[in-house]
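Just below is one structure, and these are the notes that go with it.
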Amino acid sequence: MATPHINAEMGDFADVVLMPGDPLRAKHIAETFLEDVREVNNVRGMLGFTGTYKGRKISVMGHGMGIPSCSIYTKELITDFGVKKIIRVGSCGAVRADVKLRDVVIGMGACTDSKVNRLRFKDHDFAAIADFDMVRNAVDAAKALGVEARVGNIFSADLFYTPDPSMFDVMEKYGILGVEMEAAGIYGVAAEFGAKALTICTVSDHIRTHEQTTAAERQTTFNDMIKIALESVLLGDKE
């Protein structure tokens, strides 16, 4: 039945949901890549859709910006609508010279300055990691598509406008591939409620060089990332 934030019924969502931050990007993904699409959520404008990809039922829904927002939607999808796998498909900022604009990054793990996982893990450090099989399937899908994807640690920041830019130097030293705002929270929610999760990002801006993509491009042109996510779902079904 409907929750305070999702006006859908059990069965409206597939067991796998792709989740961009922007609900308009969710709409674009559904209309571009899925067939037999129907809208399954529109509460607060957080659009959700279900359709099929090569005959496989898949859903896509926005999760908003930041860990608090994405945690609400992912928790409700898992506990109230039976979702088993969540793939965040979003953007990130690069801090390393060898990571370029529009590179695809697969978040094997997610560091964070947020305290949410310490709250759920009795004030201990929780290793926020993606599901191994989902990572492997995404890597295999990228190779099959001829897309060079980077795999490693990303950083989920609570603040978009950071007061301490020297932290980017630390991130670079520790090999962080990209900075975003949600993955660590999604991985924590998935672990808490027995689901699986993965984050795939496209580099939308470079924090060092100040290169950036436009908002319109972020909404519509990060197609390699979406294809990797969708094809990885099909590979997962073969296991």
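The backbone N, Cα and C atoms fix where each Cβ goes, and this holds for glycine too.
For the recorded site, ASP205 (active site, proton donor), the DSSP three-state label reads strand. Positions annotated as active site, proton donor by Swiss-Prot, on the basis of sequence analysis: ASP205.
GLU182 (purine D-ribonucleoside binding site) falls within neither a helix nor a strand when secondary structure is assigned with DSSP, and so counts as coil. GLU182 (purine D-ribonucleoside binding site) has a Cβ environment of 31 other Cβ atoms inside 10 Å. According to Swiss-Prot, the purine D-ribonucleoside binding site annotation covers HIS5, GLU180, MET181, GLU182, SER204, ASP205, on the basis of similarity to another entry.
What Swiss-Prot lists as phosphate binding site is GLY21, ARG25, ARG44, ARG88, VAL89, GLY90, SER91. Around ARG44 (phosphate binding site), taking its Cβ as the centre, 14 other Cβ atoms fall within 10 Å, counting all chains.
Taken from Swiss-Prot, the feature site 'Important for catalytic activity' applies to ARG218, supported by sequence analysis. Around ARG218 (site 'Important for catalytic activity'), the same-chain residues six or more apart in sequence whose CB sits under 8 Å from its CB are ASP22, ARG25, SER91, THR202, SER204, listed in sequence order.
As a whole number, the greatest separation of Cα atoms within the phosphate-binding residue list GLY21, ARG25, ARG44, ARG88, VAL89, GLY90, SER91 is 22 Å. Of all the recorded positions in the list GLY21, ARG44, ARG88, GLY90, ASP205, the shortest Cα-Cα distance to GLU180 (purine D-ribonucleoside binding site) is found for GLY90.
Counting Cβ atoms from all protein chains shown, GLY90 (phosphate binding site) has 27 others lying within 10 Å of its own Cβ. Note on GLY21 (phosphate binding site): other Cβ atoms within 10 Å of its Cβ, all shown chains, come to 21. In this structure, ARG88 (phosphate binding site) is part of a beta strand by DSSP. Other C-beta atoms found within 10 angstroms of the C-beta of SER91 (phosphate binding site) number 23, with every protein chain shown included.
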